[in-house]
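Colleague: Here it is: the structure, laid out below.
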C-alpha cells in the first residue's frame, strides 16, 4: 500500500485547555479494506480520505484513489500575559512523512509568524516569544506547511489554523463613569430604587467567570442596599429624615469571578442626597411675643414682624400667616415676606394711646402646600400670641374745631371780645396750652389771650372797608413749646347803620322849555354803604332850607323818585 504522509499539530499537555490538533492529508491506499475517520488520543482528530472500490473480473476489489480534502482543525491555545523567562510553548506541527531524519522542514506563516510565533523548522515546535494580551487581540490566523528538504517541494498543501489567546483573570471590573451623584426623596419606603451602577470587565465573558461581576456594598449600610446582579441601589431603612441627615456616601464594589475568593474588584462612590418633602409643620420658637408700637405709627406701614420656622425647603417651607381674633384683625394686618418667610405686621387704623393702650393678636402660621402622604404627621400649623403695647407719644395740642368762624360788629370799641378758640393736650400729662396769632398774613386788628384763647379787637373795625378777616391761631404746650398746632379763624364784621344815603350829583338836568307839565324829567336814586338784610329803602324830600319851588315836584315810585316839571327851567338842590 502506498500512502501520502499526514501532518499532525500537537499541543503541549500542560496548556490550560490541552488540545492536539492534526493537520491531515489524504492517504492513498491500495488493496481492499474499509477506511474511516480515525481518532487520535485527546482532542486530536485526523481526517483520512475515502476510496472508490470496484470488483474486477477475478472477483478482486480494485481501489480507485480519489482525493477528498476535508480538514478538521481544532484551535491552539496560548495563555495571555505569560511572564516566564522562556518562550511559551504553544504546540507542535508533525507530518507522517517525517521519519525523524531531518528531511522535513516546517514553515509557519500568517499573523505574528516570525515575530510573535516562531517554529522550529526541524521539529515543528511552535513557541510564543512575547507576552500576549487577549484584550488587545483574541486570536491569530496562521498557515502551516511541510516541505521536503531534498526536493524543496511541499509534502502537503498549505493549511490554515488558529491560535487563540486564552483569557486569564487579569482585568478588574471598572466603573467608567463614576463617581456618581443622585438623590432620593426622604421618608421613602424600603426598597425604593435610587440608582443603578454598571461595571465593565475587559476579560472574556465566554470563558469561565473572569468577567462575571457581582455587586456588594462596602459603605452605606444600613441605609442602602445593592442588588448583587443588577447593581440597583435601593433604600434599606425606613423613615430616613433629610432634616436629621441629608447626604450619604455609598461605596459599591464590583467583584469578578462571581464574587469568589481570588476575584478582582473595583469600586465606585455614589453620593446620595435626600430631597425634601413636606413632613414638618411650621413652628413658632415661643408661644408669646411682645411688640411696642408708638401711637404715631403711620397707617399702612409695617410696625413689626414675627417668624415661624419650618425645617423643610422650598415650597414645602412656605408659610401663610393670619390674625385669628377680631380685636387684632380690625386694627392690624399681616402678610408673608417671600424672601425671609417672616410675618410682616402693618397698621390698618390709627392708634391712640389715650383710648387704647394695648392689643392682643392671635397669629396662626400654616403650610399652604400639603402632602397627603404625610398628613398623619400634622397638623401643619402653629399659633402664637402677640401683645402689642401702644406707646404714648408727645403730640401737639388738638383744637376743638378744625375751623372757627367768629363775628363782631363794626365800630365796636377796642378790646371787644370776638370769641375764643380751645385746644387741649391729647397726652395723658395734659400740659397747659398757650395761644398766639400768626402775624405773617394779618394786620394787628386782633389779639388773643395766651392762657384762655379769647380773641379781642385791637382796632375799630369798618365793615365797609374789610368785611372779613382771616387769622391763623397757633397753640403750643407749655412743657414743649416746639409742638405746635394751627387752626384757621375767620372773623366776620357785622354791619351797623353808620353811613348816610348818597345821591349822585355829578350830572346836570337839562329841561326843554316846551316840555309838558307832569312829564318826568329825571329819575333820582340813592345808595347806602351799609348792609340791609331786606334791601335798601329811602325816602326823598327837598331840603327844608330851600324855598319851595312850585315848578317841580317829587313823586315816590316804589323807592325810586321821579322829578316832574310844571313851568320853566329852574335849578334844584337835593
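Each position is counted from 1, following the chain as shown.
Cβ coordinates are placed from backbone N, Cα and C, and glycine is handled just like the others.
Sharing the features that TrEMBL gives for it:
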COMPBIAS  45-56  compositional bias 'Polar residues'
DOMAIN    95-175  domain 'Cadherin'
DOMAIN    176-284  domain 'Cadherin'
DOMAIN    285-399  domain 'Cadherin'
DOMAIN    400-503  domain 'Cadherin'
REGION    41-64  region 'Disordered'
SIGNAL    1-31  signal peptide
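Are these features on the surface or tucked inside, and what are their neighbours?
Modeller: When the domain 'Cadherin' (285-399) is classified with DSSP, helix, strand and coil residues number 16 helix, 51 strand, 48 coil.
For the domain 'Cadherin' (400-503), the model's average pLDDT works out to 89.
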Colleague: Give the residue counts of the domain 'Cadherin' (400-503) per reduced DSSP state, in the order helix, strand, coil.
Modeller: 0 helix, 46 strand, 58 coil
Colleague: What is the three-state DSSP composition of the domain 'Cadherin' (176-284), stated as helix, strand and coil residue counts?
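Modeller: Helix/strand/coil tally for the domain 'Cadherin' (176-284): 3 helix, 45 strand, 61 coil.
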